[in-house]
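Novice: Dumping what Swiss-Prot says about this protein:
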DOMAIN    1-205  domain 'Glutamine amidotransferase type-1'
ACT_SITE  C79  active site, nucleophile
ACT_SITE  H180  active site
ACT_SITE  E182  active site
Amino acid sequence: MIAIIDYGMGNIRSVEQALKHIGAAYIVTSDKEEIFRSDGVILPGVGAFPKAMDVLEEKDLVRVLQEIGRSRKPLLGICLGMQLLFEKSEELQDCNGLSLLPGVIRKLKVPYKIPHMGWNELKKEGEIALWNGVEDGSFVYYVHSYYADCPNEIVYGISEYGVKVPGFVAKGNIYGAQFHPEKSGDIGMQMLKNFKGVVETWKSSQLSI
């Protein structure tokens, strides 16, 4: 069972539809016990970083997500949800994040239209489980004005938009997509299928303990 975190700032409906499409069992929840009982977690998000962190704090989900991230349970952040995984953001004000990944969220300062919205090429950097069946140079769908300034060793996908935008990051059990896999057609569905596979592998490993 995959828990989709519902904190009032997520693209919940489209993520639900995507998981339904790939046959994944899921629950939409903000209940701590349900999140801990799940086999994997998706943290979606649309909106401002400081507001999102305030809401997560109010719902006592900051601690929950940090515990999930520091365990071996698979965690996938999408768009703002990915940004929240980092140490802090410069959006509106300096604001601390979940600190599960090293790096800072900074405003895109490019001679192009902001937000970066639409389809862009994703170049793979290294291999991870979520790349199974995903061709290098596939196009994915973005909507964002900020990006992760983070170490190269956690970047597994890059798009160009005046700067190199980390489109996909990963460290251990933690994954983050700056783009929207649930809106990225067959390629996005394949990535979500791969995440489902990672979740199932983790669940099997727990049953054997």
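Glycine is no exception: its Cβ is also placed from the backbone N, Cα and C atoms.
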Novice: Between the Cα atoms of C79 (active site, nucleophile) and E182 (active site), find the distance and write it as a whole number of Å.
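Specialist: Roughly 11 Å, rounded to the nearest whole number.
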Novice: Just to be sure I understand the packing, how many Cβ atoms besides its own are within 10 Å of the Cβ of the residue listed as 'active site, nucleophile'?
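Specialist: That number is 25.
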Novice: For a quick check of packing: other C-beta atoms within 10 Å of the C-beta of E182 (active site), how many?
Specialist: 25
